[in-house]
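Asker: TrEMBL lists these features:
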DOMAIN    45-296  domain 'G-protein coupled receptors family 1 profile'
TRANSMEM  27-52  transmembrane segment
TRANSMEM  64-86  transmembrane segment
TRANSMEM  106-124  transmembrane segment
TRANSMEM  136-158  transmembrane segment
TRANSMEM  209-230  transmembrane segment
TRANSMEM  242-264  transmembrane segment
TRANSMEM  276-298  transmembrane segment
Amino acid sequence: TTMPLSRPTNTSLSELHLMGIPGLQHLHHWISIPFCIMYLVTLAGNSTLLCLIKADPTLHLPMFLFLSMLAVIDLVMSTSITPKMLSIFWFHSTAISLDACLTQMYFVHAFSVMESGLLVAMAFDRYVAICNPLRYLSILTSPVVAAIGLATLLRAVVFMSPLTFQIRRLPLCSPAVVDHSYCEHMAVLKLACRDAAFSNTYSLSVSTYVGSFDSLLIVLSYLLILRAVLSLSSPQARKKAFSTCGSHLCVMAAFYIPGLLSMYMESYHQELPPHVQVLLANIYLLIPPAFNPLIYGIRTKQIRDGARRAISR
């Protein structure tokens, strides 16, 4: 449905309207350019990575199995929001059915919890590889890698299912306008006709727990890695380890900081323009998926060698 950017009043609540980026509607066409580029980079980078890892038996190591899980999560996470967002930017097609909205919400939030868990697994993988290289393959066996993947998935499902069920049961009021570019939980919650304090608190608690617990584990792994590297080796090896850890931590910061900031701003009604909050909520879902294949993939020697072998074949 195409509609002008005024607020609809008489929509039936089986259908909601996503505003895109509130206050920046006149710039939607311009904003769509970097968003579209990032999405194409995400699709190309993650798909290439998956094909390379699948095709090359030397890449069937725990590190690359985690990397392929991350690539799948990134593809799902960005695909669950970007196509709809671009259709809002390009064609003003703001309408979304309530079911589609809740499905999108579930995918976005569950997959970001999965991504967070996987970043912890990858930090642990690097810790074992650098601090315990001789036992690497005996610690991270295939069943262990599969179990970690499964645990990440289960944790996301357990945490995120109650959120979606709660919203499903809340009556929503008109105007059914979500001041956001996708069905973000807090933004949809604002349409509730009755007190949604429990849902609000639950959502904040889960995000705070996942964000702080996971990032603490990651920082701990990297501190132990740095300690090992500093005690260990030649200046070259040190420099290489610092550059690898540094780039990993930057990508993780781009995932955790905007995500948590946008959540807290949304729930504590900070006096910041709404578009800032919405842009932050987009950054943590769009930037890491585009950069993960570059930082974890192309900067890794085995992946570059695998790509060369694939091209020469």
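The backbone N, Cα and C atoms fix where each Cβ goes, and this holds for glycine too.
Note that TrEMBL annotation is computational and uncurated.
Given the structure is predicted, the values throughout are model-derived calculations rather than measurements.
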Asker: At an 8 Å Cβ cut-off, counting only pairs 6 or more apart in sequence, do the transmembrane segment (64-86) and the transmembrane segment (276-298) clear the bar of 3 or more pairs?
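Answerer: Counting Cβ pairs under 8 Å, at least 3, so yes.
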Asker: Using Cβ atoms and a strict cutoff of less than 8 Å, what residues sit near the transmembrane segment (27-52) while being 6 or more residues removed from its termini?
Answerer: 20-21, 59, 67-68, 71-72, 74-75, 78, 82, 85-86, 88-90, 282, 286-287, 289-290, 292-294, 297, 303, 306-307, 310
Asker: Given the cut-off of 8 Å on Cβ pairs that are 6 or more apart in sequence, determine whether the transmembrane segment (136-158) and the transmembrane segment (209-230) share at least 3 such pairs.
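Answerer: Since fewer than 3 Cβ pairs under 8 Å link them, the transmembrane segment (136-158) and the transmembrane segment (209-230) do not come into contact.
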Asker: As a test of reading the model: what is the averaged pLDDT for the domain 'G-protein coupled receptors family 1 profile' (45-296)?
Answerer: 85
Asker: Who are the chain neighbours of the transmembrane segment (209-230) in space, where the CB to CB distance is under 8 Å and they lie at least 6 residues beyond its ends?
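Answerer: Same-chain contacts beyond the ends: 113, 116-117, 119-120, 123-124, 126-127, 130-131, 159, 237-238, 241-242, 245, 248-249, 252, 256, 259-260.
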Asker: Can you name the far-off residues of the same chain, 6+ from the ends of the transmembrane segment (276-298), with a Cβ under 8 Å from a Cβ of it?
Answerer: 21-22, 35, 38-39, 41-42, 45-46, 48-49, 52, 67, 70-71, 74-75, 77-78, 81-82, 85, 108, 112, 115, 122, 179-182, 184, 247-248, 250-251, 254-259, 261-262, 265-266, 270, 304
